[in-house]
Amino acid sequence: AEVCSGTVAEVIQSVVNGADGCIFCYGHANLGKTYTMIGRDCSTQSLGVAPTAISWLFKVIEERREKSGARFSVRVSAVEISGREETLTDLLAELSSSAGSQQEAPGATVSLREDPVCGSQVHRNTMSASTFYKHIPPM
């Protein structure tokens with residue numbers, strides 16, 4: 001909660017106002033990055049930054065919707081950079097059905113490409129090039 005209140009609140013507010021948002025965690029192996037970002041689902045006190053941010057995002061969206069009737073569209077991506085080769089993996093790769101049971105498909109490898117207008121872009125990940133939320137005005 002302390003990490004989220006110091007960092008995520010501003011990102012969430014910007015996203016609801018129509019900007020792109022990104023939450024980034026960096027560090028050496030075995031320092032707790034995964035735990036910090038994901039946490040544990042045994043209680044709300046042990047949720048990580050990502051589920052907390054998603055919860056807060058939808059709370060703020062609902063408050064804005066109730067006040068102004070605004071409509072929102074939400075798109076999210078999650079990419080992991082790992083190893084000495086800095087391999088990018090799409091953490092939201094679809095589940096594949098194998099012999100009638102659901103198994104996680106290996107994360108799809110993604111790549112960075114330079115776009116002359118937009119800068120570095122992630123390609124081939126599940127949802128979008130970056131964490132992206134767009135405000136759609138009421139009809």
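Cβ from N, Cα, C; glycine included.
Noted in TrEMBL for the protein shown:
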- 1-139: domain 'Kinesin motor' (DOMAIN)
- Gly27, His28, Ala29, Asn30, Leu31, Gly32, Lys33, Thr34: ATP binding site (BINDING)
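Its Cβ taken as reference, Leu31 (ATP binding site) is surrounded by 11 other Cβ atoms within 10 Å in the chains shown. The most densely surrounded of the binding-site residues His28, Lys33, judged by C-beta neighbours within 10 angstroms, is Lys33. Cβ neighbour count for Asn30 (ATP binding site): 7 (other Cβ atoms within 10 Å of its Cβ, all protein chains included). For Thr34 (ATP binding site), the number of other Cβ atoms no farther than 10 Å from its own Cβ, over all displayed protein chains, is 12. Here the domain 'Kinesin motor' (1-139) has a mean pLDDT of 75 out of 100.
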